[in-house]
Amino acid sequence: MTGHEGQRPGGRLASGTGERVTVRVPAKVNVQLAVGGARADGFHDLANVFLAVSLFDEVTVAPAAELTVTCTGPDAHQVPLDATNLAARAAVLLAERHGLAPNVHIDIAKDIPVAGGMAGGSADGAGALLACDALWGLDSTRAELLDICAELGSDVPFSLVGGAALGTGRGERLTELPVGGDFHWVFAVADGGLSTPKVYGEFDRLNALVRVPEPRASAHLLEALRTGDAAALAGALSNDLQPAALSLRPSLRSTLEGGLAAGALAALVSGSGPTTAFLVKDPREAAVVAEALLASGTCRAARVASSPAPGAHQVQPRH
Ligand SMILES: C[C@@](CO)(OP(=O)(O)O)[C@H](O)COP(=O)(O)OP(=O)(O)OC[C@H]1O[C@@H](n2ccc(N)nc2=O)[C@H](O)[C@@H]1O
Ligand SMILES: Nc1ncnc2c1ncn2[C@@H]1O[C@H](COP(=O)(O)OP(=O)(O)O)[C@@H](O)[C@H]1O
């Protein structure tokens with residue numbers, strides 16, 4: 001990995017700052033997303049194998065008269081700047097737990113596609129949490145931060161942890177996984193987002209007459225991650241939400257086919273979509289597949305990334 005200047009292990013407060021804290025947080029791809037039947041609380045039990053990838057948002061917090069949010073980047077217009085923003089919600093939850101007023105300005109430099117199944121909002125929630133914890137000198141434990149993350153959303157704990165992890169329950173209970181090498185990816189960004197609850201709803205509709213089995217992590221997949229074997233990982237990738245995402249957005253089929261025709265080892269929808277993910281052999285193949293995807297006109301952008309990537313971590317603020 002490059003570009004982690006100023007990284008502080010554990011995301012602790014840079015000594016002597018107190019004015020501005022910046023945290024960088026990765027996107028994710030689900031290399032396996034096994035989905036169980038709908039639970040009474042509306043969620044689904046999962047075996048969710050997360051892999052963090054090297055597309056990052058940066059969340060900067062600074063003291064302010066009141067809680068405000070700004071966002072920059074190509075997708076910034078799609079990000080809510082009110083109290084529903086996951087970064088704002090993180091600041092409020094942490095402040096409440098410590099009897100503080102959440103008087104911070106939060107600036108999000110957004111590079112993760114919005115509503116694309118790459119957990120960009122979750123990344124900003126985890127980033128704001130770690131950044132406010134440092135700004136306010138709270139020194140929360142990892143367990144305290146993970147607890148707040150789980151309250152913010154099912155994917156948020158993984159954004160804090162990064163690397164690779166198996167998420168069980170609704171995806172919030174994490175077991176970190178060993179990864180034995182780098183994997184290379186191309187992500188095709190679609191026009192417009194897909195709503196996560198709608199995709200889970202479509203999964204329920206498509207499986208209404210089926211007995212959905214208990215979700216389980218694949219031993220082959222965990223072994224492929226552990227050994228860093230891209231060909232084996234390609235054979236083990238799976239996403240139970242893919243039929244639902246394709247049902248809601250049939251045009252994704254041609255994007256998946258286009259990337260495979262251009263030489264990707266495997267293709268799948270990322271999480272609830274509509275971003276599609278292509279596992280490739282190396283960075284050179286990544287460039288070839290990205291160019292072919294763009295030329296095909298079946299996606300809005302093609303992004304190259306590698307994994308695993310580190311979880312939320314503090315970096316030097318940009319000036
Ligand atoms: C599908 C996944 C795969 O990692 O990610 P995305 O593709 O959205 O990034 C996740 O399960 C998304 O997690 P996240 O986006 O944090 O969802 P939450 O805010 O907790 O829940 C939003 C809604 O999604 C549905 N939901 C979410 C998680 C889960 N295990 N079962 C569900 O049914 C519920 O309808 C819930 O109300
Ligand atoms: N900081 C944020 N960044 C992006 N989206 C956010 C954020 N906070 C709340 N949202 C909302 O979350 C929705 C899902 O966005 P995102 O987390 O990017 O996608 P996904 O859930 O598919 O991974 C968006 O449509 C937006 O309304």
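Just so you know, glycine gets a Cβ as well, placed from its N, Cα and C.
Here is what TrEMBL records for this protein:
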- K28: active site (ACT_SITE)
- 85-163: domain 'GHMP kinase N-terminal' (DOMAIN)
- P113, V114, A115, G116, G117, M118, A119, G120, G121, S122, A123: ATP binding site (BINDING)
- D155: active site (ACT_SITE)
- 221-294: domain 'GHMP kinase C-terminal' (DOMAIN)
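The structure, with features from TrEMBL marked on it.
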residue	record	CB count, 10 Å
K28	active site	30
P113	ATP binding site	26
A115	ATP binding site	20
G117	ATP binding site	30
A119	ATP binding site	32
G121	ATP binding site	27
A123	ATP binding site	36
D155	active site	29
Within 10 Å of D155 (active site) (Cα to Cα), which of the recorded positions K28, P113, A115, A123 do you find?
K28, A123
For the domain 'GHMP kinase N-terminal' (85-163), how many residues does DSSP put in helix, in strand and in coil?
45 helix, 7 strand, 27 coil
Limited to the domain 'GHMP kinase N-terminal' (85-163), I'd like the whole-number average of pLDDT.
97
Using DSSP, what is the helix/strand/coil residue split across the domain 'GHMP kinase C-terminal' (221-294)?
43 helix, 11 strand, 20 coil
Using the Cβ center of P113, V114, A115, G116, G117, M118, A119, G120, G121, S122, A123 as the ATP site position, which other residues in that chain lie within 8 Å, going by their Cβ?
A27, I112
If the criterion is a C-beta within less than 6 angstroms of any ligand 2 atom, which of the binding-site residues P113, G117, A119, G121, A123 pass it? List them in sequence order.
G117, A119, G121
Select, from K28, G121, A123, each of the recorded positions with a Cβ positioned under 6 A from at least one atom of ligand 1; if none does, say none.
none
Pairwise Cα distance for G121 (ATP binding site)/K28 (active site) [Å, integer]:
11
